[in-house]
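> Please see the structure below; I have some questions.
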Amino acid sequence: MRRKGAGQKAPGVGVSQGEGGHKEADQPWQRREAGRPATRVTNTIRSEKVYGDVSGLVPLCSTKYSSSSRSSRGSEQLAKPGAPGGLQNSAICSRAPHLRLAPATGIVHSPPAAVVVAAGRGGFGAQGRDGRKKGVPIFPRRAREGKAKETSGQVREGCSGAAAAAAPAAGGTHSREAERQRGREHIPLEEVFEQLRCTRQGLTSAEGEERLVIFGHNKLEEKSESKVLKFLGFMWNPLSWVMEAAAIMAIALANGGGRPPDWQDFVGIITLLVINSTISFIEENNAGNAAAALMARLAPKSKVLRDGVWAEQDAVILVPGDIVSIKLGDIIPADARLLEGDPLKIDQSALTGESLPVTKHPGDGVYSGSTCKQGEVEAVVIATGVHSFFGKAAHLVDSTNQVGHFQKVLTAIGNFCICSIAIGMLVEIVVMFAIQDRKYRAGIDNLLVLLIGGIPIAMPTVLSVTMAIGSHRLAQQGAITKRMTAIEEMAGMDVLCSDKTGTLTLNKLTVDKNLIETFTPGVDKDMVVLLAARASRTENQDAIDAAIVNMLADPKEARAGVQEIHFLPFNPTDKRTALTYVDNEGHWHRASKGAPEQILELAHNKDIISSRVHAVIDKFAERGLRSLAVARQKIPEGTKESAGGPWEFCGLLPLFDPPRHDSAETIRRALNLGVNVKMITGDQLAIAKETGRRLGMGINMYPSSSLLGQHKDEAIAALPIDELIEKADGFAGVFPEHKYEIVKRLQEKKHICGMTGDGVNDAPALKKADIGIAVADATDAARSASDIVLTEPGLSVIISAVLTSRAIFQRMKNYTIYAVSITIRIVLGFLLLALIWKFDFSPFMVLIIAILNDGTIMTISKDRVKPSPLPDSWKLKEIFATGVVLGTYLAVMTVVFFWLAHKTTFFQEKFGVRDISGDRNELTAAVYLQVSIVSQALIFVTRSRSWSFLERPGFLLVAAFWIAQLIATFIAVYANWSFAFIKGIGWGWAGVIWLYSLIFYIPLDIIKFLVRYILSGRAWHYMINQRTAFTTQKDFGKEAREMKWAHAQRTLHGLQSPDVKMAGDRGSYKELNDIAEQAKRRAEIARLRELNTLKGHVESVVRMKGLDIDTIQQAYTV
């Protein structure tokens, strides 16, 4: 039975038959022009790999079909898009409505997921066999799978972005010839609008929602992860393998000596693994949900035309037929066709491997995931989500955690613990069986003790969960972490290269009209402002455009009396904007504003005015003012493409960008934290120095040309480039390629370097830096290249993130020292007990210790810690050294305790407790309690940088410790478990053991300081100042910078000069805090006075004009 409409013909489709039953058809648009009749498609569809017409809505696809047993419903159907009973109602569209068939070839193309948009007549709006009414999709997105089985073709392998990306691999990257070929063969734009059932005015909200139901969200289909497999995954790592081997050993080997297999230990080990995996699963699941919610804030945005209004929307809601705006720095949110406008420069290197940007002209196709490097234009969306050519729109944010370095640290620590256990077991085997001739079962039990107690089974979970929770805290402070391991790198960052505009300054520009300089006769200051406003955007403005347009009495004046023909947006190459317009008299003109050097190059009389222009620029720069040049020209040819007449350099406008009120204080905090802040700005050198002076970060700044060894001062001529970059306070006139070079040279000098950026051309430097930081309002390209994305403006967010990262890193390092110490403590302690006194400790009691320890140690991820005052990083040699020394001390504590309890009457004589030396089970209980108490108490020593009793731990950690030790004490006092060889020792012995543990706990802090002193040689100084000696990072000129900062603050605020003797006295710089507080208060008072008093306003204007207030004779009142 044929479907309704199956007999209708699609004009413009034809095929010629030949040998083999079919011949490659002509291009569809060629056949449409010829007016050939429609072609019928049989229900047997061949499987072929097709290179479709990319820019003509047909991306690459590899699709297979097979005939269905239910093909009797219709042997033939017409492949006419939009016709009732046509393609979208066919077997193919029931599975994937975005597919289109090439006539008679059986080849399936994947156009825009859009050929089947229902908007009225035809398409899914027609009434089908199942009786659906118009306007309702015949095959909704949810029902495609089921409907596919009921129709004549069944999809075996759908077209996806991955298949599309793989297809061209056989021929290498797309050649330029192929690109030109596709450009010639694309479907005309008017036909695209006809197929998409849309107009250049975009869609309405109702149409957008309707199509969203059909095509789904603009993202890849997310694969659901099995919760069971994820849970079991926590039992599949090297440390868990050792525990699992111990479990097998407990039942497979521990069955000698006339005793059954050790089922108690087997069950205990499995319980330990399950408890650890459960805690890991719950914590990571919670952290993962929180991280997913935060990463949603980084979802790509797109400017889309809906209901006739431009608005910024999440790219995930885009559907075929939407009109979007693409500008410099945007990442293309979906496959689209460009509308009228200037050509774009598109970077497709991440998608196709092409190293150079590709020029895209109006009508050409662009792919989701590529980056706009130049230009601005509107486009119509033709494919979204899984239907797009590459299907990457929803994965611009890198959600995969690159844990290469972190995994190496985990592996190194795990290997150290495993090797320590292996050495201990080898010594035990040799001594027990070859020398002492011990019984088989007793030897196996001793080996189990080392295996179970020595493995830090919870280490991977504790560290990963700590980073996940820390990432959530960073996001709450305005820094969203895209790569987890960036936390540990930020903790070690010692150099931060910061943008000036928007980070150190407010990026709220103001223009003083009285300071404007004119250069063309007949052009006054008002005309300069008007021309600058015409060369600015009236919508979607940046800071400069807003400052210029707001100078007009009415922003509408910028376009009043003129007809806009063409607007040239800003790009990093030209560094200017321009507007081509027609006035009321029909004359064509062009106005442009931009960087003075670029505008000056356009001027016909540049040789005459060059010296004056540079003099004015220098005068502005000395006052901290940026310069903006304005020019105009006539266009006698009357076309937007024509070069026009000679350019007239009309004037220079001064732009003032005030520093943030907290920048100076933040820079001082950064210096105290050992982070050297370098200003990287594109502004002039004089502006950079003035800003540096105001912020107290120094004026040791150089032009970007000095990075190439050019234009060096005599004072720095002998300095190598690397040393110059290291000692400089900043660089001016910097281009993006200079940023990359600065980062590269600093990394070669072994610095951990952070770099801020906001533009598309900052992406290479952001990727190169150890920590790439995209500032607030950064472009999509900068965000995708960065490791951390700021949601709040200013430098203070970064410094707060540094402190938080150091606190997170401190928690992780505290635990690693603890884990190594416990491994050494268990292996060495029980090894000595077994070999010296042939004391066989119960494996089951070691399991109890491990379970209680893991429960306590999980709370360290939320512990209260003091961040390191200096950059810190993983130093495995020091971690291992500290762990070995502390672990050895704890092992000796246990050996001494056992000797006193087993071989002497010391405790009986001093405390009056009963003798337990002859009862192995009671000795086991006593040793168990002593090991349990001091093992868990060690975490309070490793978590603190000074005396452990001076740094208050988190409530959860304290509560977990006391609960665990109360349980351990009750077990030691009351337990009478024959299978575990333990018998209660009473409260008397429990009190003695607590006292013994407390006394021997006190020297742990002293041992910690001694180890740090040996490792660094500066431990005593840092201990007194409550600092850590656990770093070998150099202090790069901190004292000199503090002196320079203090001097700048005194000079700026008119304070008394410091005593010369202060230069050699480090302690005298304690006054820096007082100076900073006073400066901060004065700045706040000055700000309020400027806002609320006439005197303050006048003084502000006078300062900006560079006048001396004492020379002003005019009286003013407050």
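Every residue, even glycine, has its Cβ placed from backbone N, Cα and C.
Okay, so TrEMBL annotates it like this:
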COMPBIAS  20-35  compositional bias 'Basic and acidic residues'
COMPBIAS  66-75  compositional bias 'Low complexity'
COMPBIAS  161-172  compositional bias 'Low complexity'
DOMAIN    183-255  domain 'Cation-transporting P-type ATPase N-terminal'
REGION    1-44  region 'Disordered'
REGION    62-90  region 'Disordered'
REGION    143-181  region 'Disordered'
TRANSMEM  409-435  transmembrane segment
TRANSMEM  447-469  transmembrane segment
TRANSMEM  815-837  transmembrane segment
TRANSMEM  843-860  transmembrane segment
TRANSMEM  880-901  transmembrane segment
TRANSMEM  954-975  transmembrane segment
TRANSMEM  987-1011  transmembrane segment
> Looking only at the recorded stretches 447-469, 815-837, 843-860, 880-901, which one has the largest tally of CB-CB distances under 8 Å to the transmembrane segment (987-1011)?
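Result: 880-901.
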> Thinking of Cβ pairs under 8 Å, which stretch from 447-469, 815-837, 843-860, 954-975 has the most of them with the transmembrane segment (880-901)?
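Looking only at 447-469, 815-837, 843-860, 954-975, the most contacts with the transmembrane segment (880-901) come from 815-837.
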> Other than its close neighbours in sequence, what residues sit by the transmembrane segment (447-469), given a CB gap under 8 Å and a spacing of at least six beyond its ends?
234, 237, 239-240, 242-243, 245-246, 249-250, 254, 262, 265, 269, 272-273, 276, 279-280, 283-284, 287-288, 290-291, 406, 410, 413-414, 417-418, 420-421, 424-425, 428-429, 484-485, 487-488, 808, 811-812, 815-816, 819-820, 822-823, 826-827, 830-831, 841-843, 846-847, 849-850, 853-854, 857-858, 860-862
> Which residues of the chain, 6 or more past the ends of the transmembrane segment (815-837), have a CB below 8 A from one of its CBs?
409, 413, 416-417, 420-421, 423-424, 427-428, 431-432, 436, 446, 449-450, 453-456, 459, 462-463, 466, 846, 853, 857, 860, 879-880, 882-884, 886-888, 890-891, 894-895, 898, 902, 927, 931, 935, 938-939, 942-943
> Could you give the mean pLDDT over the domain 'Cation-transporting P-type ATPase N-terminal' (183-255), rounded to a whole number?
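Mean pLDDT for the domain 'Cation-transporting P-type ATPase N-terminal' (183-255): 79.
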> What is the three-state DSSP composition of the domain 'Cation-transporting P-type ATPase N-terminal' (183-255), stated as helix, strand and coil residue counts?
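For the domain 'Cation-transporting P-type ATPase N-terminal' (183-255), the helix, strand and coil counts are 44 helix, 1 strand, 28 coil.
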